[in-house]
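Database features, via TrEMBL:
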SIGNAL    1-20  signal peptide
DOMAIN    8-445  domain 'Major facilitator superfamily (MFS) profile'
TRANSMEM  46-68  transmembrane segment
TRANSMEM  75-95  transmembrane segment
TRANSMEM  107-124  transmembrane segment
TRANSMEM  136-157  transmembrane segment
TRANSMEM  169-189  transmembrane segment
TRANSMEM  298-316  transmembrane segment
TRANSMEM  322-342  transmembrane segment
TRANSMEM  354-375  transmembrane segment
TRANSMEM  387-408  transmembrane segment
């Protein structure tokens, strides 16, 4: 298992780190003067559109890319999409006006649509269900780490004194790194256990046995009945609702955190360093609470308290506002890995996961388009509307999480009663045929 981890996890986490850098560097680029160089934007509406364009291309293509990966070579879809957004991010450095920036932002979203939602489905080809959560959590920990690295890089390039603007150097460094990592991944990553050239026949047999004892064997063809079930069955629909709540809050924080900090007393390059506190603390706490259910509720609570504090204190109280943003960002990064792991864990089969996981992310990203308008420049530095929306969505997320936890407990108890008790040790649910409805399958809460 360690050998498998060393082959898959480092490269996948590096790609996701690059994804987090390329997705979140817009806020840092803005604080480095990007909007002034691209054109006049007194109301902040143009930046809001630039931020939202990512989601306009990201959301519609997730499910098609996932089904393409299921039917062909998933690893090829993953790595080629990473190469696409890396090239687009690098080209962003050459944008001379908003039209060029809009085009690059669109293709960054398009490329990432074929990566992040597929990773959870891809990892489920290699790992047993009960061992998938920690791997996904490690992978998702790159998101807060990406913010930390982004802050360091942005702070560093602000001291580079050349004719080229600092924000352009930021895009060149981070986009170029993505291209390099994607090329390595194309060469190294296997598509499944059987095709992994780094394992002996005995090691492959062991990994396949362990994985199939948890979820059963998979078939190459798409089971459309199972895929359609992801559209209406509560074990898949509830994570979609919960994920929508957390995604809007997170998207707004990602786009506006450097600006919010800058307007609360952290000017210029200092604003980049200030982003390290929320991201650093989020990474530590996300690692500490590597499970679901109640830790997710703790994350929602931090979001509510954070933005409640942001609303309830005067704008002159800079330390209180800074602490509020730390709490909110930390809460978001506690929720994220726990929520997104629920969907693949409880889908049962790869056909259902191939729709449930990207659809959950796609719907969340679709509603997140509006996140770019939550903190317009005209409402700063109070941002009452944005903070109220964040509190409301976090409260809704907490409510939906309670419902999902209760439904899982009720359904597992019902199955125990129907089957005469918990699943027998060694029982392999026939998930290839029945997905999460298979005898012996229990939901993770």
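Along the chain as shown, the residues are counted starting at 1.
Glycine too: its Cβ is placed from the backbone N, Cα and C atoms.
Spatially, the transmembrane segment (298-316) is adjacent to the transmembrane segment (387-408); three or more Cβ-Cβ distances between them are under 8 Å for residues at least 6 apart in sequence.
Ranking 75-95, 107-124, 322-342, 354-375, 387-408 by CB pairs under 8 A with the transmembrane segment (46-68) puts 354-375 at the top. At the 8 Å Cβ cutoff, the transmembrane segment (107-124) and the transmembrane segment (387-408) share fewer than 3 close pairs (sequence separation 6 or more) and do not count as touching. Using a Cβ-Cβ cut-off under 8 Å and counting only residues 6 or more beyond its ends in the same chain, the transmembrane segment (169-189) has close neighbours at 7-8, 11-12, 14-15, 18-19, 21-22, 25, 28-29, 32, 75-76, 78-80, 82-83, 85-93, 150, 153-154, 157, 160, 162.
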